[in-house]
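Novice: A single structure is presented below for examination.
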Amino acid sequence: MATTKSFLILSVMILATTSSTFASLEEMVTVLSIDGGGIKGIIPGTILEFLEGQLQKMDNNADARLADYFDVIGGTSTGGLLTAMITTPNENNRPFAAANEIVPFYFEHGPHIFNSSTGQFFGPKYDGKYLMQVLQEKLGETRVHQALTEVAISSFDIKTNKPVIFTKSNLAKSPELDAKMYDICYSTAAAPTYFPPHYFATNTINGDKYEFNLVDGAVATVADPALLSVSVATRRAQEDPAFASIRSLNYKKMLLLSLGTGTTSEFDKTHTAEETAKWGALQWMLVIQQMTEAASSYMTDYYLSTVFQDLHSQNNYLRVQENALTGTTTKADDASEANMELLAQVGENLLKKPVSKDNPETYEEALKRFAKLLSDRKKLRANKASY
């Protein structure tokens with residue numbers, strides 16, 4: 001009798017624990033963030049291809065797409081372009097690009113995007129005409145409200161001196177943000193000195209003309225948009241009726257995948273205090289952006305890692321980043337075939353590397369674990385919706 005009673009108690013405990021785990025997973029808000037970095041977008045493109053492939057295997061569905069699994073997908077610069085590629089609908093209302101089409105996109109169009117150098121010292125390095133052409137061709141007349149999941153794409157308005165964040169959740173209050181995706185993608189990629197700023201106009205809720213004068217989203221969020229994506233997810237959880245059960249969102253209820261485009265350790269070894277003490281404005285101008293982006297990326301990752309660890313939810317956050325780029329792979333605009341091949345190899349090799357010195361788990365293993373959480377959560381929500 002005692003044995004039977006003990007068995008019943010154990011069974012109830014296991015059931016309660018399992019139910020609690022499933023309920024917790026079902027309530028998770030899932031966020032994907034993709035850094036900027038020009039042609040180095042090949043690196044996160046490789047990671048996204050691996051992740052989507054794992055999801056397709058787990059769910060036995062060759063048509064599974066990343067937009068089916070993430071509540072918010074955010075990006076800046078080339079990360080904004082990737083965001084649009086995997087969330088913009090085609091004629092069948094499915095993402096127009098599968099993840100395995102991202103790297104081929106860079107190989108096909110990268111050399112043309114970064115090949116129209118104006119050769120002017122006082123002007124942008126590239127005219128941006130081919131970039132706009134291919135964006136219009138691929139994205140058509142699609143606007144923000146048509147994205148297949150919530151998006152968060154940043155830019156910076158040089159006339160108002162304010163960041164501009166394009167998201168679906170802002171449209172009710174600010175319909176002027178319902179811009180065409182190709183305008184948004186060009187704007188978030190219009191890095192000063194590389195491409196000309198972008199002007200376009202939409203209409204306000206009163207029908208008045210609303211003008212944008214935009215440059216690269218990295219000016220607003222630097223290169224790592226993870227905190228921006230988290231902020232958009234938090235707002236959605238507070239305002240969207242579909243997320244009523246998790247209005248009090250905290251990091252324990254979030255799954256965050258942040259993809260970098262690589263940094264270099266060579267840069268840190270190149271310059272010393274003794275050398276830079278002799279620098280003038282021009283020399284600092286050439287490297288200050290790289291310094292700022294690297295520092296911001298490290299600090300964003302440090303902050304998020306600390307928060308998730310303090311909440312004992314470190315497995316809810318995964319930052320995938322290569323920190324030892326060398327040679328031509330450090331350049332955002334080297335679209336030579338040889339360099340693009342190197343970048344693709346960097347992405348492949350990254351999967352085999354440990355997540356950190358303190359975590360021997362490889363990125364491949366971590367992404368498989370992350371994919372399992374995404375897959376299980378999607379199934380739980382689908383089952384709930386069927387009742």
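Including glycine, each Cβ sits where the backbone N, Cα and C put it.
Here the structure is a predicted model, which means the values were calculated and not measured.
Annotations per Swiss-Prot:
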type	residues	note
SIGNAL	1-23	signal peptide
DOMAIN	32-230	domain 'PNPLA'
MOTIF	36-41	motif 'GXGXXG'
MOTIF	75-79	motif 'GXSXG'
ACT_SITE	Ser77	active site, nucleophile
CARBOHYD	Asn115	N-linked glycosylation site
ACT_SITE	Asp216	active site, proton acceptor
Novice: Given the recorded positions Ser77, Asn115, Asp216, which one's Cβ is surrounded by the fewest other Cβ atoms within 10 Å?
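Specialist: Comparing Cβ neighbours within 10 Å for the recorded positions Ser77, Asn115, Asp216, Asn115 has the fewest.
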Novice: What is the separation, in Å, between the Cα atoms of the residue listed as 'active site, proton acceptor' and the residue listed as 'N-linked glycosylation site'?
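Specialist: Answer for this pair: 19 Å between alpha carbons.
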Novice: Where does the residue listed as 'active site, nucleophile' sit by DSSP, helix, strand or coil?
Specialist: coil
Novice: Where does the mean pLDDT land for the domain 'PNPLA' (32-230)?
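Specialist: Across the residues of the domain 'PNPLA' (32-230) the model's pLDDT averages 94 on the 0 to 100 scale.
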